[in-house]
Amino acid sequence: MIDPKLLRNDPEGVAANLARRGFEFDAAGYRALDARRRDLQQETQTLQNQRNERSKEIGAAKKRGEDIEPLKAEVGRIAERLSEAETALNEVQEQLDELHLGLPNLLDEQVPDGQDEEDNRVLRQWGGIPALSFKPRDHVDLGELLGGMDFEAAARIAGSRFVTLSGPLARLHRALTQFMLDLHCREHGYTEVYVPYLVNARSLTGTGQLPKFEDDLFRVEHDPSLYLAPTAEVPVTNLVQERIVEDADMPLRFVCHTPCFRSEAGSYGKDTRGMIRQHQFEKVELVQVVRPGESWDALEALTGHAETVLRRLALPYRVVSLCGGDIGFSAARTYDLEVWLPAQERYREISSCSNFTDFQARRLQARWRNPETGKPEPVHTLNGSGLAVGRCLVAILENYQEADGRVNVPEALVPYMGGQRLLGD
């Protein structure tokens, strides 16, 4: 949520910033609605004061033995007007609350201008694209050759956009998860957490998935107050919901492995083959909660932590700064990590690392106690995938394949694979 004070003081400036996203914000309409709120607040306060004064007069008149019926009638009229004013104020406040929740975060000035992914800016690349002497197979064909990747079985169980893994591929999937968790906990200073996979609307609103993106979520029919978590960002960031974190405990760094569930409502016809875009997938998620003045350095560090996974696995990748038209609703700045997939001859997203500044914190009422003032202030929150496990598996299969369809195991994963160095032997 954008700072309400900033919104009231400079709605035109907010509108200009949000226009970089292609988002239209009616600053004049907001000013008029906010002025109406202030007028109604003043009116209700005045009427409350009048009611209280007349009530005191009734008590005094009663003691004097005077006729209090005229005063009681006046109090009744004031109460009726007060009720009408309070109803109108509540309606205006609801409109303002809905408007506030519908506004995306303000963009950082370093976010590139642009309309879509074509306008994103490549910041750096790492690793050479493998020069294969044969036409590379995609991960679906490799999975069929190796055995253990079955989309038909998953379709019988659950429908499209699911997969089952078995044998060495299931073990490789688990090895990736364990490797990522160990790396982030042992070397990057994260605390591993376990969280619910079901989340409520309050939590989804706090991180920004609701109310705008409800169509992307799976809702529990038996209990409509709950949703399947679309990303661990939601439950992990909500660990600080309605909390005041003491300065001595800052910053907080959490890592969490969870399944993620997405309806992919807006992705009809996209990536229908394979594991790239599924209803259920797994991620190792990184979340940081930091002091406001530290969040930009924290974004660089968090992005570096995700990059380390790719470097240890020797997977070629690039880092892209998302433009205003492509960046997520809650983010002030986002870096995407994109890994090279030989069969597609293109880079594909494997992680998004974002600084949300105080946007999520205001929705969550997540604060820290500033030691200089002793007062609670909104924290800054960040998150990024470290990494998406299924897409990482895809990248390993395609980048480490041999001409005969066998796949080498990255050196960093050999200990997690019980010493196995080659899939398909």
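Glycine is no exception: its Cβ is also placed from the backbone N, Cα and C atoms.
Checking the candidates S83, S133, S385 against Swiss-Prot: the one annotated together with T231, A232, E233, E285 at the L-serine site is S385. Per-class residue totals from DSSP over the region 'Disordered' (42-65), listed helix then strand then coil: 23 helix, 0 strand, 1 coil. Distance between Cα atoms for S351 (ATP binding site) and S385 (L-serine binding site): 5 Å, as a whole number. Remote same-chain partners of the region 'Disordered' (42-65), defined as residues 6 or more beyond its termini with a Cβ less than 8 Å from a stretch Cβ, comprise 71-72, 74-75, 78-79, 81-82, 85-86, 89.
Sequence-distant neighbours of S263 (ATP binding site) (same chain, six or more apart, CB under 8 Å from its CB) are D215, D216, L217, F218, H279, listed in sequence order. Listed in sequence order, K283, V284, E285, L286, A306, I350, S351, S352, C353 are the same-chain residues six or more apart from S385 (L-serine binding site) with CB atoms under 8 A from its CB. If you check the binding-site residues T231, A232, E233 against R262 (ATP binding site), the ones with a Cα inside 10 Å of its Cα are T231.
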